[in-house]
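> Quick one: this structure, given as structure tokens, is what I'll be asking you about.
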Amino acid sequence: MKEEQTRSLFGISLSDKPTWQQFLICTSGFFFGYLVNGVCEEYVYNRLQFSFGWYFTFIQGFVYLFLIYLQGFTTKHIVNPMRTYVKLSAVLMGSHGLTKGSLAYLNYPAQIMFKSTKVLPVMIMGAFIPGLRRKYPVHEYISAFLLVLGLILFTLADAQMSPNFSMIGIMMITGALIMDAFLGNLQEAIFTMNPETTQMEMLFCSTVVGLPFLFVPMVLTGEVFRAWTACAQHPYVYGVLVFEAMATFIGQVSVLSLIALFGAATTALITTARKGVTLLLSYLIFTKPLTEQHGSGLLLIAMGIVLKMVPMDSKAPAKIPARPAVRIAGGDGDREEDEERKSLV
């Protein structure tokens with residue numbers, strides 16, 4: 001028998017709600033958190049011209065830990081071995097570092113083109129993650145492709161320059177995409193193979209293990225000293241960072257809820273669509289002129305979303321294996337499942 005894990009989001013029970021309500025609640029939390037995050041980043045990075053990504057992420061980590069503590073989470077609630085989260089954090093920091101490093105070789109439009117394709121490698125890699133082995137129907141790949149193409153068209157219509165490609169930059173951003181794809185699927189696999197895993201555990205352990213990974217590049221690049229001096233001259237920046245971290249915390253927990261309930265690929269589609277929504281809102285709020293290319297991009301994004309939402313097969317539940325782990329009776333089945341679990345953790 002398949003046992004459903006009870007899920008909740010900031011005290012709101014999700015397990016006893018229909019799927020559409022679960023989706024709406026989690027997506028709303030994600031959009032709220034990251035729209036606030038975008039406003040704060042715009043202020044800190046563009047208005048104040050601060051570019052201390054490692055340091056700001058480091059500060060954000062401590063805010064996360066405090067908020068998790070307020071949620072009542074303690075180490076007694078951890079059900080997975082810490083080595084699982086070492087892998088997770090190493091991949092996360094590697095992706096972050098490669099993305100930041102690629103900016104030295106790729107201009108903004110080129111990086112956006114590559115990062116917008118994230119949902120495709122997430123779907124492809126899902127078939128190779130131990131404990132997951134997820135397969136998707138053809139129409140979902142088409143949906144993802146339309147969404148990606150539409151977002152690229154919309155973004156490049158607003159670009160002040162053409163994409164500038166460099167082989168080193170392409171290799172770095174490709175590595176970041178592969179790590180991003182592995183990260184989302186690994187998180188889903190952890191939720192799948194151990195349904196007792198909570199979103200708070202995932203965020204707590206990833207943060208605790210990830211903080212030392214952040215400290216090394218901060219010291220080696222000297223960013224920690226430059227950031228400390230700059231923020232000492234503008235101490236109100238810490239207030240902005242704390243507010244941003246609180247909003248992003250809501251977004252992060254919502255994303256983990258989406259991964260646990262709907263899978264990594266669906267979550268990647270939502271995070272990709274969020275970029276399009278953010279861009280569209282900036283045009284509506286600041287009344288920027290929309291060109292024909294903007295319209296084409298929006299049309300493709302809408303087609304991708306609609307194609308994803310429309311059921312294409314009456315046998316939909318059978319096309320993707322159920323996420324919760326099911327123990328197979330018999331020695332061979334147990335051994336196979338144990339091998340899957342070992343290779344994951």
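Every residue gets a Cβ built from N, Cα and C, even glycine.
Since this is a predicted model, take the numbers as computed values, not measurements.
Swiss-Prot lists these features:
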- 326-345: region 'Disordered' (REGION)
- 20-40: transmembrane segment (TRANSMEM)
- 50-70: transmembrane segment (TRANSMEM)
- 112-132: transmembrane segment (TRANSMEM)
- 137-157: transmembrane segment (TRANSMEM)
- 164-184: transmembrane segment (TRANSMEM)
- 202-222: transmembrane segment (TRANSMEM)
- 245-265: transmembrane segment (TRANSMEM)
- 294-314: transmembrane segment (TRANSMEM)
> Where, among 112-132, 137-157, 164-184, 245-265, do we find the most CB pairs under 8 A to the transmembrane segment (20-40)?
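It is 245-265, which has the most Cβ pairs under 8 Å.
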> Give the one range among 50-70, 112-132, 137-157, 164-184 whose Cβ atoms make the most pairs under 8 Å with those of the transmembrane segment (202-222).
50-70
> The transmembrane segment (50-70): which same-chain residues, six or more beyond its ends, come within Cβ distance under 8 Å?
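Distant Cβ neighbours of the transmembrane segment (50-70) are 44, 96, 100, 200, 203-204, 207-208, 210-211, 214-215, 217-218, 221, 223-224, 226-228, 230-231, 237-238, 241-242, 244-246, 248-249, 252.
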